[in-house]
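The structure appears below as structure tokens.
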Amino acid sequence: MPHISELNHLCHPLRIDRYARNAAGRDLIVGDIHGHFSRLRKALDAIGFNERSDRLFCLGDLVDRGPDSPQAFEWLAKPWFHSVLGNHERAALEWASGALDEELYVANGGDWNIGVPAQLTVDRAAVFADLPVAIELETPAGLLGLVHADVPSASWEEFREQLRLDSGRPNDERSTLDGAVNSRRRFKRGIGGPVAGVHAVVVGHTRVGRPRWSSNVLCIETGGWFDGYLTVVDASTLTTAVRLR
């Protein structure tokens, strides 16, 4: 197993990236891809995605479980493709640092990243370590927050501050990061109110049968990698642009 001396070196600092409104084309948002990039390409072709003017924002979990996981790095190199950190990217960081058990990693779909040259594992982890925890996206309707799982704070500003504090903590004490990439409380247990300071938050992570709102938080993880369909929404209206089985 490859080792990186310090996991915190890979995921410090925790940051939020911001993107201005797209004046040239569309901004689209997609949920968990989980190694199904061929399916994503079909979805983009179905809506006439224009790589010269449109942008695609992913809610994390690019890898594991699907056949195209290694393609994640090709997609992340595209100037119009942007993603936040998901729990499966974080798992790749933990695997590279020796902090994740192989049996658990395989059970969660990480077999594509096992048995490869040690330097490749390190290089892959470095790419994932550079992903933001969240994205702020300006739209005609107002500011959107994009996070993998949830915003574990009552306001976006509080979330920002808690992430700043988490940046100085050991990896196993980063409670706000844990909530952002792992929490299912809102859409599994109905726990969580509106997030102040943003028009809406869009998340993935928790599988729902169809796009579902909880206060001003929209979940679009409709299980395209499993037995559901891949959902792409238009950021300007938060309505479904395409869904593909």
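Positions of Cβ are set from backbone N, Cα and C atoms, glycine also.
Curation does not apply to TrEMBL; its annotations are automatic.
Per TrEMBL, domain 'Calcineurin-like phosphoesterase' is recorded for 28-160.
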Arithmetic mean of per-residue pLDDT over the domain 'Calcineurin-like phosphoesterase' (28-160)
97
Please list, for the domain 'Calcineurin-like phosphoesterase' (28-160), how many residues fall into helix, strand and coil according to DSSP.
56 helix, 23 strand, 54 coil
